[in-house]
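> Here it is: the structure, laid out below.
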Amino acid sequence: MSDVGYSTAFSYLLLAATGMYCTERYQCSICTIKLACASFAVITVDALLGAWHWGKEIYSSLLIRRKSQLSSANKSEGTLQTVYTYTTFLRNLVALPFVVTQVWLDYGYEEELANFHSLLCLVPFHLYLANKTNNAIIDMMIAVNGASFAIVSCMVKSLHGMAAAGSYLFTHFVFRSGHLDFDQGSVTDLQNYGLICFMYYSLMCLSKTSKC
């Protein structure tokens, strides 16, 4: 396994640990549905599967000595790989919108306005179900949510909120394959560290609300 593989698996473990911390630390006495926790949880599950994806070469190398187990291991890997693909797609859909919705709710704004951000997820999700996935629509949804996050953060004067919005937008639009002259592992590392910043700053922003 290459050093890049080790570093990427490690970055996923850090991301998962951060997600668990943020999920456990977020408290809001007025919210019955904690969308921020759902966002952090989705990122955490995807990170754990990502750590497995990049670290499975260690396990695979051990199975070379046990050929009888190799077939069943390949079947298990195929199933986990499919789940990992789904969780990554789900993370792209809900991670930012759910946090943005939570911020608008926690700062006391209208529920209709807040829920609009999460409802935007339904558009690319329906396209996915119809096998018509459109990355441009996902990018547009993320851009709208990121701009809204920045706006509400300015309105409530939350530097943490601005940092969270900037972290996610930078991670999604800059740290992506084809935009940087890096291998896939290094790009994934940058994405993971960007998401770590996003979750931490989001937690700090939500923790500062006067009603929570």
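Using the three backbone atoms N, Cα and C, a Cβ is placed for every residue, glycine included.
TrEMBL labels come from automatic prediction, so no person has curated them.
Below, the features straight out of TrEMBL:
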{"type": "TRANSMEM", "residues": "6-23", "note": "transmembrane segment"}
{"type": "TRANSMEM", "residues": "35-55", "note": "transmembrane segment"}
{"type": "TRANSMEM", "residues": "113-130", "note": "transmembrane segment"}
{"type": "TRANSMEM", "residues": "142-170", "note": "transmembrane segment"}
{"type": "TRANSMEM", "residues": "190-207", "note": "transmembrane segment"}
> Within the same chain, where does the transmembrane segment (35-55) have neighbours whose Cβ lies under 8 angstroms from its own Cβ atoms, ignoring anything closer than 6 residues to its ends? I mean 6 or more beyond.
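Distal contacts: 1, 5-6, 8-9, 12-13, 15-16, 19-20, 22-23, 26, 28, 80-81, 83-84, 87-88, 90-91, 94-96, 98-99, 101-102, 105, 118, 185, 188, 192, 195, 199, 202-203, 206.
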> Please indicate, using numbers and ranges, the residues of the same chain that are 6 or more beyond the transmembrane segment (190-207) and have a C-beta under 8 Å from a C-beta there.
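Those are 8, 11-12, 14-15, 18-19, 22, 25-28, 36, 39-40, 43, 47, 50, 95-96, 99, 102-103, 106, 153, 158, 160-161, 163-164, 167-168, 170-171, 175-176, 180, 182, in sequence order.
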